[in-house]
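See below for the structure under consideration.
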Amino acid sequence: MSRFRLRTALLVCLGLVVLAGCAGLITDDASDDISEDDLREDVNESEPPESITATLETEATLDNETLEVSEDLWLRSDGTSRSESEFGGNSTTTVDDGTQVWTYSEGSETVTVMDSREPFGNRLDAIYDANEQLLEEFDVAKLEETSVGDHDAYRVVLETDSNESIGRSIDVAMGESIYSVPLGSSDDGAAGENLSDEPEQVELWLDQEYLFPVKYQFETAEGQFQMQYRDLTFESDLSDDLFEFEPPENATVEEVDIPTRTEFDTVEQADLAVDFDVAKPAHVPESYELDGVTVVEYEDDNRTSVQSTYLGADDDMFMVEASDDPDAFEVDGDSVRINDHDGTIEQQDSIGSIRLAWTCDDVSYYVGGSTDLGEAAVVSIAESIDC
């Protein structure tokens with residue numbers, strides 16, 4: 001997967017952080033100090049514990065409104081997990097038994113079940129991968145020893161390099177809303193409500209023994225975000241019963257089709273993997289080049305789409321997609337003609353995106369990019385696709 005498209009998803013619930021103890025700035029004179037290079041090496045080599053239990057609390061303040069959710073967690077290194085949360089008066093339980101993921105919403109009395117595989121994967125592994133990614137792509141501005149609750153910790157202040165684009169964001173879920181918070185200046189077309197201003201500084205607290213992120217916070221022009229794992233324990237002997245789930249008798253069970261994603265380097269490789277012509281624009285704006293191609297197969301719906309991502313010199317991007325489902329793309333906008341076919345184009349200034357969709361020979365096509373690319377360029381790209 002391209003480093004520009006890699007996304008760390010922190011699907012979290014909200015709460016206030018209390019920092020205990022006093023912080024001492026690390027200097028080269030102390031014998032037990034850890035340097036920035038040592039920390040990076042230790043994080044890269046760290047392995048998750050066999051299990052953790054915790055209450056994950058996150059607080060977000062947006063438009064002078066504070067949202068809070070609390071999530072009780074039981075996570076094991078084999079990928080099994082359980083979480084129980086409450087938001088807006090509705091309790092939700094999610095259990096990954098290693099084969100399937102069950103999510104029970106008490107308020108609506110519904111259970112959704114899906115295969116236990118990507119994009120979800122092992123939640124503990126994902127947390128540790130996020131540590132590596134943050135230290136890899138941010139500058140360490142300050143490193144100091146402190147404590148959070150009962151845990152000795154390293155406080156790591158990370159800052160963006162104003163001359164580089166990180167091309168990464170964090171998806172923060174609060175109830176049924178997902179906020180895509182950029183951690184760099186790249187517009188990667190994320191779903192959800194885009195908070196356009198990226199943070200200049202991110203603070204991370206790592207448990208000194210396990211290098212687990214006990215606390216995390218940042219601020220943008222749009223709002224403040226912070227999360228903390230409370231009552232955190234490592235290597236607990238967790239009962240297998242926690243990771244088993246039986247739907248309540250009165251609940252409606254719905255199966256969710258999680259698509260299979262296969263990555264290719266070229267359009268030609270992807271074209272051989274599907275039964276329809278993959279969209280390949282003859283016109284690509286100057287400085288843009290193909291970054292990767294993904295074939296997405298929805299087995300239950302018997303449909304397939306192919307997504308091609310193009311990156312520009314300033315890490316701007318646009319995406320071209322084709323699907324064998326004629327109704328794959330819903331765009332609500334103005335009518336436009338693409339090579340004698342009816343299409344629809346929509347510019348969303350609030351999130352800085354342009355979307356264009358049309359159908360040709362029972363294949364749906366889509367071109368999407370940032371408003372910086374411009375409507376005329378998006379139309380030119382679409383018109384250069386042979387159909």
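Quick reminder: no glycine exception, Cβ is built from N, Cα and C everywhere.
Quantities reported herein were computed from a predicted structural model and do not represent experimental measurements.
The feature compositional bias 'Basic and acidic residues' is assigned by TrEMBL to 73-85. According to TrEMBL, the feature region 'Disordered' maps to 73-98. TrEMBL lists 86-98 with the feature compositional bias 'Polar residues'.
Residue counts for the compositional bias 'Basic and acidic residues' (73-85) under DSSP (helix as H, G, I; strand as E, B; rest coil) come to 0 helix, 9 strand, 4 coil. DSSP assignment over the compositional bias 'Polar residues' (86-98) gives 0 helix, 9 strand, 4 coil.
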